[in-house]
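*Asks:* My structure is below; once you've seen it, I'll send some questions.
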Amino acid sequence: MAETQGKVITCKAAVAWGPKEPLVIQEICVDPPQKMEVRLQILYSSICHTDLGFWNGTNEAERAFPRILGHEAVGIVESVGEGVKDVKEGDYVIPAFNGECGECRVCTKEESNLCEKYQVDPMKRVMVSDGGTRFSTTTTKDGGSSKSQRIYHFLNTSTFTEYTVLDSACVVKIDPNAPLKQMSLLSCGVSTGVGAAWNSANVKEGTTTAVFGLGSVGLAVAEGARARGASRIIGVDANASKFEKSKLMGVTDFVNPKDLTKPVHQMIREITGGGVDYSFECTGNVDVLREAFLSTHVGWGSTVLVGIYPTPRTLPLHPMELFEGRKITGSVFGGFKPKSQLPNFAQQCMKGVVKLEPFITNELPFEKINDAFQLLRDGKSLRCILQIAKFLKR
């Protein structure tokens, strides 16, 4: 890749020009990496509900267009900027939307993975070093002007493009022999779910769990609980078609709220003799959160918030309910510190501790990215893998 180092690269990207508008596959310019930045060639990228949410433009404050979405991917280092020591040209890496500088007060402690400088920020749309972007186009949307227009970044990553530039704190080196398509899942969904079970809740062998919402993240929670030896994993979802798939990830019992004449938490308490040890709310719905909280056992039950909550509503709990001994906490990226902990997690996945294959339900070429979005909107896909690079060496 020496022929492109230090130069602007022209490549294809899927650009979002406005809320709910079809992504446009077009040529863009990608600048060289600046100090402590890395330029990647993206090999595979998958689509997450977070991408869908930003594309919908649900939260006006988070809107920024034109923008390159995408945050689950695997790639290869094309070049590095000044000061980058931990990765080099040719390394296989995964981007991390929640970075790790390794030096701040948070990064040097075990208690949190929310780096003071590079933690996930949905409002962020430019690079840290200079407040600029590394993406631009030489034409406007309708082709009516030759003036270059900058394109915004997304969640520290922007992976719906053949080349992207990230802060080095958001680049994680992986084993070059790792299965690349599967490794893209570790950028968000699988790490978020499995980590919620392993790190945030610390599920113990023989315990009981309830997972509210059986999308990709919820199923990853179930897979994490299964890997930890949970004796019972109750899946809760209003879509009955998800139940069969969830068996592959260790779900032992299914509860469909539509089939009940009583609140879900009452049913779970009845079938578990008082409630589960751990519950996980993966839908981003505060009403479901209350059911998840009340489904845990009095005295020691723990609820982990994993979903994204777009609503301005606050927690649906009365303070006195916390006196019953139940606990509630949130989880970002499954509590994983990306650069220091994700490589080991990738190795565990390669050894089969966590099964990644069942999460990949569809594969499409990059040009079909709008079809991939539709599959997710229709609930017909867990993860659709897009092949971004045209010619892969592996």
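Using N, Cα and C of the backbone, Cβ positions are placed for all residues, glycine too.
Here's the feature list from TrEMBL:
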type: DOMAIN; residues: 36-174; note: domain 'Alcohol dehydrogenase-like N-terminal'
type: DOMAIN; residues: 217-343; note: domain 'Alcohol dehydrogenase-like C-terminal'
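Map these features onto the structure and tell me what's around them.
*Replies:* In the domain 'Alcohol dehydrogenase-like N-terminal' (36-174), the DSSP tally of helix, strand and coil residues is 14 helix, 40 strand, 85 coil.
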*Asks:* How many helix, strand and coil residues does the domain 'Alcohol dehydrogenase-like C-terminal' (217-343) contain under DSSP?
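*Replies:* Secondary-structure breakdown of the domain 'Alcohol dehydrogenase-like C-terminal' (217-343): 55 helix, 22 strand, 50 coil.
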